[in-house]
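Novice: Take this structure first; my questions come after.
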Amino acid sequence: MNDAQRFREVITMLAPGTELRDGLDRVIRAHAGALVVLGYEDHIKRICSDGFEFDIDFSATRLRELCKMDGAVIIDPNKWRIRRANVQLLPDPSIPTTESGMRHRTAHRVAVQSGNPVIAVSHSLRAISLYLGNKRYVLEDPETLLTRASLAIDTLEKYRIRLNEVSDSLTTMEIDDMVTARDVALVVQRQEMVRRVGHEVSDMLIQLGEHGRLLKMQQAELMRGFAVNRSLLIRDYMPDEYSEEKIVNRLGELDDAELLDLSLVARIIGVNGMGSEILEIPLSARGLRMLARIPRLPAHIVEAITRRWGTLSELLEVSTEELMEIEGVGPGRAQIIHDSLEQVVENSALERISSHS
Ligand SMILES: Nc1ncnc2c1ncn2[C@@H]1O[C@H](COP(=O)(O)OP(=O)(O)OP(=O)(O)O)[C@@H](O)[C@H]1O
């Protein structure tokens, strides 16, 4: 599990509506503070001193009561049992920390030393902080988070509309066999923007738990089909020797300014050229995006078709007889493929007429 997955896992346990979050909110309402360690493995036991050992079910009210005592509370999150309270934690004091106050310094050091999640509730600031490894996350209150998530969903919607526009216009260019690297890079760029905002929204929704239920439905609707379409586009244009995964990773590594550089995006997807002229290089799709519009067409047939007719423009010219030469394509399926491709061409022409009128 990488750091981001671990963060998501822990933040899910702390989302509003969970028993743990309820307990921490009760601590705040009681004007108290808390130091809570999640996990009671041997390496945690070794840095615990004094206090009381128990083995009782976790509940929000029990946590609040136990936090009234000095020291830390230790919870086993696998079984949701409270294992110890009133504990003095003794992490390695040489672990550097810039936190002020003993509670937060201890929380940071225990998190670094053990790798376990540690939660500190500040009595004076009335804030909940999660320490995970060397990182600290201050949990936002649900109202603020909900407002931010709604704004992010609005942004996602706008980005999605723009993505659909550039993607439709690429389809038209593909049918006319007039695609340049610029057209493809623009769609890839817009897809990456949608992915980033979608990812931010996901993080906020995890933190919101039940409070974000409606926004979650909206986000699911906006992201429907996104991953599949992105994969099809990349594979439609990448050179044979390239890997989709590497392209996706490289795009993910770009900072926001680099992502605006279309020439750089074009190079990442495998267009071979220098300077800004790279964007004028003509490209041909394999036809994967087009073939994906045909219902129930098995992957091996798509593969065989794109291998036989290397480019979409060749594919748009094939007859049903030629299609029947592909293994697994009988007269019925050949007709469906042929008609569907013809339909795509017609729809595109109609859309063009209506957008000009
Ligand atoms: N090593 C430790 N082990 C267990 N509990 C600790 C440890 N250090 C601090 N605490 C707990 O934190 C409480 C507050 O300590 P302190 O006032 O120094 O921290 P703080 O970070 O300023 O907290 P706050 O933000 O809540 O005011 C202590 O009374 C104790 O319950």
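Cβ coordinates are placed from backbone N, Cα and C, and glycine is handled just like the others.
Please treat TrEMBL annotations as automatic predictions, because they have not gone through curation.
From TrEMBL, here are the annotated features:
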DOMAIN    4-142  domain 'DAC'
BINDING   Gly71, Leu89, Met102, Arg103, His104, Arg105, Thr106  ATP binding site
Novice: Which residues, same chain and not among Gly71, Leu89, Met102, Arg103, His104, Arg105, Thr106, have a CB within 8 angstroms of the centroid of the CB atoms at the recorded ATP site?
Specialist: Leu35, Ala72, Gly101, Ala107, Ala120
Novice: Does DSSP put Arg103 (ATP binding site) in a helix, in a strand, or in coil?
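Specialist: DSSP assigns Arg103 (ATP binding site) to helix.
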Novice: What counts of helix, strand and coil residues does DSSP assign across the domain 'DAC' (4-142)?
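Specialist: For that range the per-state counts are 47 helix, 40 strand, 52 coil.
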Novice: Quick one: largest C-alpha distance among Gly71, Leu89, Met102, Arg103, His104, Arg105, Thr106, binding ATP per the record, in angstrom?
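Specialist: Value for the max Cα separation, rounded to a whole number: 13 Å.
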Novice: Could you tell me which of these binding-site residues, Arg103, His104, Arg105, has the fewest other Cβ atoms within 10 Å of its Cβ?
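Specialist: Result for the binding-site residues Arg103, His104, Arg105: minimum number of other Cβ atoms within 10 Å at Arg105.
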Novice: On the 0 to 100 scale, where does the mean pLDDT of the domain 'DAC' (4-142) fall?
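Specialist: The average pLDDT of the model in the domain 'DAC' (4-142) works out to 94.
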